[in-house]
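Per Swiss-Prot, the features are:
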TOPO_DOM  1-11  topological domain 'Periplasmic'
TOPO_DOM  33-48  topological domain 'Cytoplasmic'
TOPO_DOM  70-76  topological domain 'Periplasmic'
TOPO_DOM  98-101  topological domain 'Cytoplasmic'
TOPO_DOM  125-137  topological domain 'Periplasmic'
TOPO_DOM  159-164  topological domain 'Cytoplasmic'
TOPO_DOM  186-196  topological domain 'Periplasmic'
TOPO_DOM  218-224  topological domain 'Cytoplasmic'
TOPO_DOM  246-262  topological domain 'Periplasmic'
TOPO_DOM  307-341  topological domain 'Periplasmic'
TOPO_DOM  363-395  topological domain 'Cytoplasmic'
TOPO_DOM  417-430  topological domain 'Periplasmic'
TOPO_DOM  452-471  topological domain 'Cytoplasmic'
TRANSMEM  12-32  transmembrane segment
TRANSMEM  49-69  transmembrane segment
TRANSMEM  77-97  transmembrane segment
TRANSMEM  102-124  transmembrane segment
TRANSMEM  138-158  transmembrane segment
TRANSMEM  165-185  transmembrane segment
TRANSMEM  197-217  transmembrane segment
TRANSMEM  225-245  transmembrane segment
TRANSMEM  286-306  transmembrane segment
TRANSMEM  342-362  transmembrane segment
TRANSMEM  396-416  transmembrane segment
TRANSMEM  431-451  transmembrane segment
C-alpha cells in the first residue's frame, strides 16, 4: 500500500481506529461486571444484560447500516457512529442504576453497529480493487488487538481506578476520531433502492422480544404470562417477516438464500454454535472473580492466552479444512470445544491454576478453527447476486446468537444460584459447576447440524461465488 496517496492512508487509519474502538469495547466490559454489580447494588446474576443490550442492538441495527451509508454518505454515517459510540460511553460512565447503564449500552450499540460495516464499505470505495485485501488486512489488525488488550485493560482500570474508566477512556479517543473523520474522509454516496422498513421492523421486534423472553421471569421481573406474551409476539413477528419476504425482491434478506444447502446448514450451525461459544467470554472472567476469587486484573490477564490461541490458529485453519474437510473439522471442533470447557471447569475447581492459561490457549485455538470454518462454509457456494445479502445476514446472526448465548448463561446462573452469590458463599462453586456442565452440553449440540455437511475435502476454502443466477 506504499503507493497509495497520503490522504488515503490517513483514511485507512481512521477506519482502523474505528475497528479498534468497537472490538476493544466488546471485551473490556467483561472483567468489570462484578465490580459494576457491587457499585450499582445489583446481583452479579443480572449483569449479563450489560453485554446483551450492546450486542443485541448491534444485531438489530446491522441490516440498516450499509443502506444508510449509501444513502447519506460514508463520512456522515461513520462520523455519526463515532459520536453515538462516544456519547454512549459518556452516559455509561454517568449511569447510577443498571437500567440507565443498559440504555447507554444500547446507544453505544447503535454506533458500534454502523462503525464496522461502514468502515468496510469505505475501504471498498477509496482503495483500488487489486489492493483491497491488503487494505482490509491493515484496518482489521487493530480489531484483533482490541480483544487481546480488552480484558487485561478492563481489569487494570477496575482494580486501580474504577469501572467508570473503561468507558471514560473512549471519550478523548472518540473526539479525535470524529474530528479526523470530518476533516479527512470523503463522503461517498450511491443510488439506493427503497429500504425494506417493514421487514427491518419485523426482524428487530422478533429478535429483541425473544431475547428478552429468554431472560425469564427472574431476570426481567415479568410474570410468566408476560413472558409467554413476549414469546408469542416474537414468533408472530418472525413468521410475518417470512411471509413478507416470500416472492419480495425488495426484502431485507431474500429467502432465495436458503436454496443453497451449504448456506442453510452453515447459518443454522453458526447460530447454534455461537450461542454456546458466546457464553464463554462472559462466563470465564465472572467465574474467575466470583467463583475463584481472582482480582479483576488477574482475571483479565487469564483471558489473553485464549485470544493468542485464536490469533495463532488463523494462520493454519485453511490447511486444516483443506486436509480434513468441513464436516470432520466442524464436528471435531464443536465436540472438542465442549470437552475443553469441561477441562477448564475441572482444572479450575481442582485449584490447578497454573494449568488454566494452557487450557484457555487450547480453547482459543479450537474456537478460532470452528469460527473460520463456519463462516467460509456458509458463504462459499452463494451466487454473486446473493453474496452481499448472505454476508449481511450471517453478520446479523453472529451478533444475535452471541446475545442469546450470554442471556442463556445468565439464565443458567439464575436457575442454579440464589439471588445473590459471592466468593464467600459456600454454594457458589456448585452453582458455577452446574452452569459449566450445562454450557458444555449446549456447546456440543451443533455437532448434529455439522454432521449433515457434505465432506468435500477438495476446494473447501475457496469461496466459489459461482456465477449462476439465483432461481
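Each Cβ is built from the backbone N, Cα and C atoms, and glycine gets one as well.
Since we're looking at a predicted model, the values are computed, not measured.
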Distant-in-sequence neighbours of the transmembrane segment (396-416), which means Cβ under 8 A and at least six residues beyond its ends: 44-49, 51-52, 55-56, 58-59, 62-63, 207, 211, 214-216, 218-219, 267, 270-279, 282-283, 430-432, 434-435, 438-439, 442
Contact ranking winner - 49-69, 102-124, 225-245, 286-306 against the transmembrane segment (431-451), Cβ under 8 Å: 286-306
Proximity of the transmembrane segment (165-185) to the transmembrane segment (342-362), 3+ C-beta pairs under 8 angstroms: no
Candidate ranges 12-32, 49-69, 138-158, 225-245, 342-362 - greatest C-beta contact count to the transmembrane segment (77-97) (under 8 angstroms): 12-32
The transmembrane segment (12-32) versus listed stretches 197-217, 225-245, 286-306, 342-362: most Cβ pairs under 8 Å: 286-306
Contact call for the transmembrane segment (138-158) and the transmembrane segment (49-69): at least 3 Cβ pairs under 8 Å, seq gap 6+: no
For the topological domain 'Cytoplasmic' (159-164), distant same-chain residues with Cβ under 8 A (at least six beyond the ends): 32, 35-36, 39, 93, 295-297
Long-range Cβ neighbours of the topological domain 'Cytoplasmic' (33-48) (under 8 Å; 6 or more residues past either end): 95-98, 101, 158, 162-163, 219, 282, 285-286, 289-290, 296, 406-407, 409-410, 413-414, 417, 419-421
Close approaches to the transmembrane segment (102-124) from elsewhere in its chain (Cβ under 8 angstroms; 6 or more beyond its ends): 11-12, 15, 18-19, 21-22, 25, 49-50, 53-62, 65-66, 68-70, 74, 77-78, 80-89, 91-92, 94-95, 132, 135-136, 139, 143, 185, 188, 392, 395
